[in-house]
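Asks: My questions will all concern the structure given below.
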Amino acid sequence: MTVVIGFEGSANKIGIGIIRDGEVLSNPRRTYITPPGQGFLPSDTARHHRAVILTVLKEALEQAGLKPADIDCVAYTKGPGMGAPLVTVALVARTVSQLWGKPLLGVNHCIGHIEMGRLITKANNPTVLYVSGGNTQVIAYSEQRYRIFGETIDIAVGNCLDRFARVIKISNDPSPGYNIEQMAKKGSQYVELPYTVKGMDVSFSGILSYIEDAAHKMLSSGQCTSEDLCFSLQETLFSMLVEITERAMAHCGSQEVLIVGGVGCNLRLQEMMGVMCKERGAKLFATDERFCIDNGAMIAQAGWEMFRSGQVTELEDSWITQRYRTDEVEVTWRD
């Protein structure tokens with residue numbers, strides 16, 4: 001049996017998870033939440049992570065009922081993500097690895113999401129839509145790489161939603177995206193917004209600029225409500241994502257879609273993707289917020305796969321990087 005502990009802290013979540021041969025033994029997490037109208041700065045986020053990481057580590061071991069001696073490998077997020085939070089978590093993972101005398105493994109954050117999604121849903125070889133605050137990619141596996149078929153050419157879909165939430169002062173607790181989703185359910189009027197698909201790629205910055213500029217005018221003049229804007233933004237963004245996912249499926253001859261990343265637990269996105277899959281006779285796979293949102297277990301799971309295929313990260317190579325593309329990683333654990 002192989003037991004791997006995973007440290008994740010690339011953005012405003014700090015999570016530590018333990019995986020034993022595909023079983024999630026523990027997965028505690030904390031979130032750095034800022035006041036409405038504000039984002040989270042790297043230095044403040046790192047300070048939050050430093051304050052709670054040892055508590056979360058203790059929780060992870062206690063919930064799993066394990067001691068350091070039971071761990072076979074220590075995995076941590078190498079990137080992509082925000083520099084200061086990544087450094088904080090990598091430093092603790094390196095220290096723990098040396099204190100416990102265990103091998104270390106730097107994991108690509110995006111691949112953590114994909115491997116966790118595959119583990120939980122049992123999807124075989126899906127076309128993956130990876131949607132979060134920092135990333136938007138359509139991915140398919142081929143010849144030892146997760147190939148990127150389409151992506152955002154500017155900002156991520158989650159970043160677009162988060163920044164719109166700041167404009168109309170939506171709460172960041174538990175997350176801006178979740179609160180937009182709840183408000184959108186009460187929206188009844190569709191406001192037309194720019195729809196920007198460029199081949200296999202998408203662009204969200206123009207939509208954000210348009211809605212940032214128009215929101216206060218439309219709300220103050222009574223043309224629509226905040227709920228209508230949330231509804232319209234979701235429908236437009238998600239339609240774009242469904243379109244490029246379907247195009248990638250057609251290209252790959254795929255009959256499975258897996259949605260991963262923080263935005264992936266949005267039920268409206270799952271519903272829209274489900275309609276497309278049904279029309280194509282395909283299957284949709286998705287997870288709930290325990291595994292969609294950044295967590296330690298996903299890093300542990302990707303680390304487990306990597307460790308079992310013979311990979312380890314030497315101490316001098318255990319740096320972090322804010323830019324680390326999904327297709328840079330050689331996938332040694334898949335045929």
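Yeah, the Cβs are placed from backbone N, Cα and C, and that goes for glycine too.
Pulled these features from TrEMBL for this protein:
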- H109, H113, Y130, D294: divalent metal cation binding site (BINDING)
- Y130, V131, S132, G133, G134, D162, G177, E181, N266: substrate binding site (BINDING)
- 29-300: domain 'Gcp-like' (DOMAIN)
Asks: Taking each of the binding-site residues G134, G177 in turn and counting other Cβ atoms within 10 Å of its Cβ, which one has the fewest?
Replies: G134
Asks: Most Cβ neighbours within 10 Å: which of the binding-site residues H109, H113 is it?
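Replies: Highest number of other Cβ atoms within 10 Å: H113.
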Asks: Roughly how many Å lie between the Cα atoms of N266 (substrate binding site) and Y130 (divalent metal cation binding site), rounded to a whole value?
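Replies: The Cα atom of N266 (substrate binding site) is 13 Å away from the Cα atom of Y130 (divalent metal cation binding site).
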Asks: What same-chain residues, at least 6 away in sequence, bring their CB to under 8 Å of the CB of S132 (substrate binding site)?
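Replies: Residues satisfying the criterion: H113, A156, V157, G158, G261, G262, V263, G264, D294.
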Asks: Around the recorded divalent metal cation site, report the further residues of that chain (criterion: Cβ within 8 Å of the mean position of the Cβ atoms of H109, H113, Y130, D294; site residues excluded), sequence-ordered.
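Replies: So the additional residues around the site are S10, C110, G112, I114, S132, N135, V260, G261, G262, M298.
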Asks: Taking the Cβ of Y130 (divalent metal cation binding site) as reference, which residues of that chain separated by at least 6 in sequence fall under 8 Å from it?
Replies: C110, H113, I114, T136, Q137, V138, I139, V260, G261, G264, T326
